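What Swiss-Prot records for GLY75, LEU93, MET106, ARG107, HIS108, ARG109, THR110 is ATP binding site, and it gives sequence analysis as the kind of evidence. Per Swiss-Prot, domain 'DAC' is recorded for 8-146, and the stated evidence type is sequence analysis.
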Amino acid sequence: MEENKQRVKSMINILQLVAPGTPLREGIDNVLRAQTGGLIVLGYNEQIKSIVDGGFHINCAFSPASLYELAKMDGALILNETGSKILIANAQLVPEASIDSIETGMRHRTAERVAKQTGSLVVAISQRRNVITLYQGNLRYTLKDIGVILTKANQAIQTLEKYKAVWNDGITNLGILEFEEVVTMSEVVHVLHSVEMVLRIKNEILSYIHELGTEGRLIRLQLTELLADLEAEAALLIKDYHQEKTQDHHQILKKLQDLANTQLLEDSDLVKLLGYPGQTSLEESVTPRGYRITSKISRVPPLIIENLINRFKTLQGVCRATIHELDDVEGIGEVRAKKIREGLKRIQEHLYMSRHN
């Protein structure tokens, strides 16, 4: 899993460097439109130096126009790691011929071998096929047309909206069952599955956003709006149902996100994520601590909620508490005690109304 996370992180860094709106991408697009082809290496370490033959050391500031003009020459362009300087133009690259390559064209084969030998980012711009291919180490990625990415991103947003609706239905149903004291592990796992799918699609959309650069701002806004409060509520759901109250619920949500990136989760995986044995029956009754529901009461800060749960242990304990018992909790006076009682009643009524709408 760590290796996969590292690959994803590397890919994000690469895509941000060549995303639309960046000077480097503008220069690459100019070369692509001119159909001259090109080979660009980012980074000039000892390994790169050992395979560079000839070329002109120009060491000038990067500009899209300079890249376009210099790419007309047959050799490769060597830039610094950040792409802010053009160091060498018309360089001949001589990587180890024994390094495996799946490419057929000379330019792309050289790019792949250089990337594998040095670990540097290499950009190959096809002369005839209008394709930009990125190589770094064993990573290979072909940049897609912006229109294609936007279409895929919009489709992913629509899918996310559907799973958000599934989450809303599931969390509403769970809230009703919590007040009725009839929650089983099955309902909790069902809601966590919807969280898993939302996180999976979120990651896919983020990859599109990274590749879209400045063109992805609207998609990012839609994603932010759709996921508003969902992840925070999912973390409180975990805090409610994890077997160990002391566990860091945000860390467990992050673990769920990491798992969602790599595999489809079984019910037993989610049960184990909550600290229970994998073979735990889904029909087993479970009791919420009450963090998620009480956090919906207006003007009750997290510290007061923590005091409430420490005193009454469960959501039902809080619901059954009298005004006098609530008043005894540190930080809660008579006025706030009444607001808590009224707030819980309003939340319950809202849940029932939501189910029937």
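Even glycines carry a Cβ here, placed using N, Cα and C.
Here the features listed in Swiss-Prot are painted onto the structure.
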residue	record	CB count, 10 Å
GLY75	ATP binding site	20
LEU93	ATP binding site	22
MET106	ATP binding site	9
ARG107	ATP binding site	19
HIS108	ATP binding site	23
ARG109	ATP binding site	17
THR110	ATP binding site	22
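DSSP gives GLY75 (ATP binding site) a coil state; it is part of no helix or strand. A strand conformation is recorded for LEU93 (ATP binding site) in the three-state DSSP classification. For the ATP site listed in the record, the two most distant Cα atoms among GLY75, LEU93, MET106, ARG107, HIS108, ARG109, THR110 lie 14 Å apart. Taking the mean position of the Cβ atoms of GLY75, LEU93, MET106, ARG107, HIS108, ARG109, THR110 as the ATP site, the remaining residues of that chain whose Cβ falls within 8 Å of it are LEU39, ALA76, GLY105, ALA111, VAL114, ALA124.
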